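A.B. asks: So TrEMBL has the following annotated:
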- 24-269: domain 'Nodulin-like' (DOMAIN)
- 337-529: domain 'NFD4 C-terminal' (DOMAIN)
- 25-47: transmembrane segment (TRANSMEM)
- 89-110: transmembrane segment (TRANSMEM)
- 156-178: transmembrane segment (TRANSMEM)
- 184-202: transmembrane segment (TRANSMEM)
- 222-239: transmembrane segment (TRANSMEM)
- 251-269: transmembrane segment (TRANSMEM)
- 337-361: transmembrane segment (TRANSMEM)
- 373-391: transmembrane segment (TRANSMEM)
- 412-431: transmembrane segment (TRANSMEM)
- 437-459: transmembrane segment (TRANSMEM)
Amino acid sequence: MATTTSGSSGYVCCRFFLQVITGRWFMMFASFLIMACAGATYLFGVYSKDIKSTLGYDQSTLNLMSTFKDLGANVGVLSGLLAEVTPTWFVLLVGALMNFTGYFMIWLAVTKRVATPKVWQMCAYICIGANSQNFANTGSLVTCVKNFPQSRGMMLGLMKGFVGLSGAIFPQIYYAIYGNDSKSLILLIGWFPAAISLVFVYNIRAMKISTHPNETKVLHEYLGIATVLALLIMALTIAQKKVPFSHTAYLFSGVAVCFIMFSPFLIAIREEFYTWRNREQLTAPIRLVDEAPTLPETEMKSEIEYESMETKEASGSGCSSIFKPPKRGEDFSILQALFSIDMFLVFLGTFCGLGCSLTAVDNLGQIGESLGYPYQAVSTVVSLLSIWNYFGRVFAGFVSEIILLKYKIPRPLIMSLVFLLAAVGDLLIAFPWPGSVYLASLLLGFSFGAQQTLLFTIVSELFGLKYYATLFNCAQLSSPLGSFVLNVRIVGKLYDKEAWKQLAAKGMARSMVKELTCIGKQCYRLSFSILAALTPLGRL
């Protein structure tokens, strides 16, 4: 009898465990972990100094490489189209392979384990590695938005918030594993996100739409956990700047960060237990995956309407209807969206707004160096930018929803105000005073994060969700173009011009120095004044 009871208990536990790992709440938890590892592009300012010094690049060449990074990070059409014809696990698998390949090759080059690559090869490596971020976005973010369509604003804010935090999470982990070795950070960026994606590759998938009485409550709990994580990392970042940390202290810091990162797993277990208990009592308020208990009439009607919306073909899918789009908010075809005035305005906003923000983020390492900040201070600036990047994304996801519903202020107007914040941050770099770069990193991080989330939300509200995986990637296409024009042709050229002046004043030739470096406030004054003037032009 005891054996039978034990066997029955084991069977029940196995069934519950299977429900947890295949449920929508664990899917959300796994998506957040993947997104928390998908923001390695924001760390370029930390390890770019190693690339510049090891390979002997000038600033224009380094900025060319960062432009290819931005190109890879923002041209996600391939991942979007791939998601239309392949399962989600395949999209994540391709992204993991690209991430490891790109960054591992950069690490081999920087550590001199291979012959020095040509510039075009380094540009290709970082473009491939950065492009993997789009596969994580498409696989995790788009799937979550489709699984929680009624909470898309909050979901986008949380998902993109974790991406923003990843730039602050990675330094804590690499300090704990490798110590103060920025070259090893490149290796960590290569293997860690790929490993996370491989672990959860089968957990991320589209599920049937269902209602849940605790959905908003759970999202707010996730927001609370993410905010605690952001505040903890900010406190650790400030403490590590003020007090020398031993490797043991870094190890404890890394463990604390990882513990909070994985704590949402407990929420997933709790919600699945809630579902399990109610199903056993035959009063389940939600519908489980692969099961179909009776739904209340209102829920059934809502689901039928949603499925009808998903399955119906967009009216006028032929070429003749490209210039006859549906109303805003309805499902556009890809061509209808691309040829619309709204998409043109989105392109203009991403070129000026995101292009300027990407340029500022990519140059933070050299900005700190030109103003005499030590390496640890530059790492602190990048971490603070990532933390406030998170707050900007959460603001755009949660607060903009409240502002829209309560005060009827549209998101494009909120985007315009965010662009003004970015312009102030650019001016703080153009006309710096002691410590102003820290304040600039807060403003630039907040505005950059808010722009990213607002852009994705605006795209979903304008063009619908049917082709969202492709359209939100198309919306980013002009930001790498803006980054190239502003970063390479303006900021990089003006920086090198000042560096040449300083070299000539010392009576030295370019061949006498390994890297071309500019020191002083004038290095970025003119270029960031131009960025400050251009950023507000991107208002939608």
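The backbone N, Cα and C atoms fix where each Cβ goes, and this holds for glycine too.
Note that the structure is predicted; figures quoted are calculated from it, not measured.
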A.B. asks: Compare 156-178, 184-202, 337-361, 373-391, 437-459 by their Cβ pairs under 8 Å to the transmembrane segment (251-269) and return the stretch that comes out on top.
C.D. replies: 156-178
A.B. asks: Would you kindly check 25-47, 184-202, 222-239, 337-361, 412-431 and say which stretch has the most C-beta pairs under 8 angstroms to the transmembrane segment (156-178)?
C.D. replies: 25-47
A.B. asks: Can you find at least 3 Cβ pairs under 8 Å between the transmembrane segment (25-47) and the transmembrane segment (373-391), where each pair is 6 or more residues apart in sequence?
C.D. replies: yes
A.B. asks: For the domain 'NFD4 C-terminal' (337-529), what's the model's average pLDDT?
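C.D. replies: A mean pLDDT of 88 is what the model gives the domain 'NFD4 C-terminal' (337-529).
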A.B. asks: Please indicate, using numbers and ranges, the residues of the same chain that are 6 or more beyond the transmembrane segment (184-202) and have a C-beta under 8 Å from a C-beta there.
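C.D. replies: Residues 30, 33-34, 37-38, 40, 43, 46-47, 50, 89, 92-93, 95-97, 99-100, 102-104, 106-107, 110, 129, 132, 136, 139, 170-171, 173-174, 177-178.
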A.B. asks: Who are the long-range neighbours of the transmembrane segment (437-459) in its own chain, taking Cβ under 8 Å and residues 6 or more past its ends?
C.D. replies: 141, 152-153, 156-157, 160-161, 163-164, 346, 349-350, 353-354, 357-358, 360-361, 364, 367-368, 371, 373, 380-382, 384-397, 400, 411-412, 414-415, 418-419, 421-422, 424-426, 428-429, 468, 471-472, 475-476, 540
A.B. asks: So what's near the transmembrane segment (373-391) in sequence-distant terms, Cβ-Cβ under 8 Å and 6+ beyond its ends?
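C.D. replies: Sequence-distant neighbours of the transmembrane segment (373-391): 39, 42-43, 45-46, 49, 161-162, 164-169, 171, 180, 182, 226, 230, 233-234, 237-238, 240-241, 361, 364-365, 437-438, 441-446, 448-449.
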